């Protein structure tokens, strides 16, 4: 055999073996089940018409792929470990060790065999995001590093399984390691955990955003997904280098281990860096002076202002807004109405404390400067029912408001009815909110620290109106608009004007508005 | 001896304080060489040394003109070697074809089409073509052993090392296997260990008897039988002086040892020579 053939033939054999092992890994029941699980989750969301599928925010959906692929990463770890231990488990090591292909090349083949599973994970995640992106209702944009994290986790899982198989000749080592990793991950990502809001949560395989607010536009997220990917790839290279061990050619292994340590260390440290000044400034601007970042479009006499990536959502907001306005007498409609998207970037990880406080004064100044006084807030979520209900109530509140003060008495009942008649999904969201409340209904448009509370008796009035024919209620509303929306009009008077029974008195101790 | 495929010179193998091979020197070439010896004689250790699975503690080993102690030499030997261990392992979930295909890759048969051709050739040779699609866990013990032999035959190796390849085979399988090995021995160097003296008698061009880690005999089967020439006799009663004696089908006793004067001396067999070697004072001083 020539010198060249000596080098090429074992490499080709390694590739051939990797192909065989990859095929077996891809057909491993655990891997098949875990891949099917990820697909089932996404298909389930699509079939059930869940908001995350119908109105996806790609900058949230991208990291969502990581969680769906976690079982596949775990399965690849177990399957890769089992494949590596196969020769030991079945007593073929003595035979294999005297064959031409060196043991370290067999290990290399096991390492390579993980790559197709990772590619499968990437394909699944990519297809899922492509399907969401092509749906037409998608907002924002995906971060490729977030999308690549899931497949990287699958790769790391498989390589770690192979490493375990070469270090510990026991089938229980991999499941035990997985349990340990699950516990660490649970501590790092569980919202109730103190660590979950700290940067160290990025040392786990995946990092959740432990906030209750609505998603931020992609440019404001500031998740160090790229460095996290480097961190995971560093561990992958390190695992591969260590698995090849001492019997492989020293130099490549040493270089691999060094590169792995470097990448894992670099990514591990840099992913903990706080957001830069530019990002913080952009978040503050988005929160307090959104008009500087938003694009506004006019439709049907209403201006819709949205953050970059969300301008397509105005077409979804419009039916709800116009669904409220159509019940308002023409001469009572506001001369100018603006729907403005709001986010509350402050209080998010990396941007300071956790309090959710609406910067009302900053908004007032910003809106005055933009020529859009008293706009109706809308968030980034859509398709949840609750988001539609929030917008409808906010619009109804805005168009029935004759002066300062929250909706109360008769006006609150009118707000509820207007909102429920705006669009089917808003009605559905309101009914769900009413059904899950006991003393009135609290709505929080855009989740930016402002709320609209509808007192219990107004809710009762609104519910009574919902059961009446639309035309009757609309006619009464048109006839008595001024009185029904006046701040001092009681629910008893409103019930009388609408011709419905007056709501029952409140229990002792509850004063209503 | 210049055309020897394998040459061992003063090979010593120690397992801790136990000496498994004690200054073994032997050489053999094309044809089937049988390795006989009782349990613990060092047969498996010797086979593992020849198969490059074990490096001797001392002595020189030359296999196919190469030094297996050097990495390059060891790799070259392994490329031309087929080895069937005493207790071969299998992946029970693999089919016979998949297992042999897997081993073929480990033997660096990289071209998929040629590799599959080779696997089919070997399956045919070990008479497993009909069950190639069956999982190994569903095959009989004899079939599994043939799978192991098939794995060793992949790539048409120059040297075949087989540790008790006929163990577990039924008489028919053993006969077919002898026929097969006999054909192999015409072109290849085959070293096999066995407890079956019939196998050696019918197959082997050369025979080596190991005992206590030392070579007690090296020569052809007739030579091993000749060791007992004049030391085998028949008698109506079991003589106390015999090293070994057993009742034959005719009712008398066949005895190995120093015959008494006037005894009816018989033609010795290979087994007689083997018994005499192991039971004689030159072996380990014990009488059998």
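Even glycines carry a Cβ here, placed using N, Cα and C.
Predicted automatically and left uncurated, TrEMBL annotations should be read as such.
Residues annotated as transmembrane segment in TrEMBL: A:29-47 (among others).
According to TrEMBL, the feature transmembrane segment maps to A:67-87 (among others).
Here TrEMBL flags A:108-127 (among others) as transmembrane segment.
As annotated by TrEMBL, transmembrane segment applies to A:147-164 (among others).
Outside the transmembrane segment (A:171-189), and at least 6 residues removed from its termini, the chain residues within Cβ reach (under 8 Å) are 74, 77-78, 81-82, 85, 89, 160-161, 164-165, 195-196, 200-201, 203-208. Residues or ranges marked as transmembrane segment by TrEMBL: A:171-189 (among others).
Sequence annotations record features per position, and here TrEMBL assigns transmembrane segment to A:225-244 (among others).
Below 8 angstroms of C-beta separation, residues 203, 224, 227-242, 244-245 of the same chain, each at least six residues beyond the ends of the transmembrane segment (A:251-270), sit close to that stretch. The transmembrane segment feature in TrEMBL is assigned to A:251-270 (among others).
Non-local neighbours of the transmembrane segment (A:147-164) in the same chain are 25, 62-63, 65-66, 68-70, 72-84, 107, 110-111, 113-115, 117-122, 125-126, 129, 173-174, 177, 205-206, 225, 228-229, 232-233, 235-236, 239-240, 242-243; each lies 6+ residues outside the stretch with a CB under 8 Å from one of its CB atoms. Against the transmembrane segment (A:67-87), stretch A:29-47 shows more Cβ pairs under 8 Å than any other of A:29-47, A:108-127, A:225-244. Cβ atoms under 8 Å from those of the transmembrane segment (A:108-127) belong to residues 14-15, 17-22, 24-26, 31, 35, 38-39, 65, 68-69, 72-73, 76, 80, 83-84, 147-148, 150-155, 158-159, 161-162, 165, 240, 243-244, 248 of the same chain, restricted to positions at least 6 beyond its ends.
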